[in-house]
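Novice: So that we are looking at the same thing, I have put the structure below in structure tokens.
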Amino acid sequence: SSVLMPFLANSILSPHPLSIFAVHVNCTDDIHAFMKSYLPAFYGVIFFIGFLGNIMALWVYTFKMRPWKSSTVIMFNLACTDLLYLISLPFLIHYYANGEHWVFGDFLCKFIRFTFQFNLYSSILFLTCFSIFRYFAIVHPIRCVLVRKKGWVIVACCASWLISLLAVSPINYFITPKNHENKSMCLELSRSDDVDVIRWYVWLLSGLAFFLPLITVSLCYIAIIYTLATGLHTQNRYKRKARNLAFLLLLVFYVCFLPFHVFRIIQIELRIHRVRCDVETHVHAMYVVSKPMAAMNTCCNLLIYAVISDNFQQAIQCLLRWKSSNIIQPRATGTDFKKTEIFKL
């Protein structure tokens, strides 16, 4: 370590972004082995559960739940953005399992980093829209008559797609593969070169596209739970379902999304305000832990689909029973499954 001290001291004093990157790499070398085992394993589980689950969800929404309600429109869009991200995960799994050596070229590097951010913020906006519509339906049911029309929901979903696209498009400018120690690295946003611009961009993106929706969703569900708790004519089953849904949505925001945003901001700040290497290593380790937790929303959303709609639960159960019966009895036609009335809303 004494041999490295002059190099580190000179690097810290140097304003050149590559020098800052070199210091950052040296400070975080200790957790590379952890990343190589933890990230591919966690992302692999997310891909397996999320890909199968969202394919099944889209199939049920498309073929077995007609006509759609407002909530169904939002959840269908949410499943679409989740599936878009999950398609990119095998490349990311290979990257981390290969010791952060990127072999798929510049385009796919930009694509996998873009799809993560795009899924993250489109999911946040879709869940926020759902929470706002649910707030009006329960707290202000009279005002909700116009808001609940599917035209408004379609407009909200289109706006969510467009806002997410515009918000994360600058990432394509920041993300490029970098050569380090004879290997190509597909660096994420927080480790890109132009740290001053990245810092400004991440603060703005996190504030407007996450913390503002976080406050909105929290206030919506506080009002919803209070209204249901004080309502004299609300059935206990409906109250329980609403509480479960509120718990799941807040779990996604506070457990999946919040740690990632907090530790990403801290990591970028530590690239500007230098601290001891052990502090930076611990912060980077927590950031690494938080990354797949943010991606875990693609699996948690499956639970939200089931809680929102009893029809969705029953459709999945019938689908699984139908597939099981086909495996056991290959000649079965599945007529009972097709004739069931549970899919009508």
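Any Cβ shown, glycine's included, is placed from N, Cα and C.
Residues or ranges marked as domain 'G-protein coupled receptors family 1 profile' in TrEMBL: 53-305. Here TrEMBL flags 41-61, 73-96, 116-139, 151-175, 200-224, 245-266 as transmembrane segment.
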Novice: What average pLDDT does the predicted model assign to the domain 'G-protein coupled receptors family 1 profile' (53-305)?
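Specialist: Overall, the domain 'G-protein coupled receptors family 1 profile' (53-305) comes to a mean pLDDT of 91.
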Novice: Taking residues 6+ outside the transmembrane segment (73-96), which of them lie with a CB under 8 Å of any CB in it?
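Specialist: Distant contacts of the transmembrane segment (73-96): 35-36, 39-40, 43-44, 46-47, 50-51, 54-55, 57-58, 61-62, 102-104, 108, 111-112, 115-116, 118-119, 122-123, 126-127, 129-130, 133, 150, 153-154, 156-157, 160-161, 164, 186, 295, 297-298, 301, 304-305, 308.
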Novice: Against which stretches of its own chain does the transmembrane segment (151-175) lie, if we need a Cβ under 8 Å and a gap of at least six residues from its ends?
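Specialist: Cβ under 8 Å, 6 or more out: 70, 73-74, 77, 81, 109-110, 113-114, 117-118, 121-122, 125-126, 129, 133, 186-189, 192, 194, 197-198, 201, 205, 208-209.
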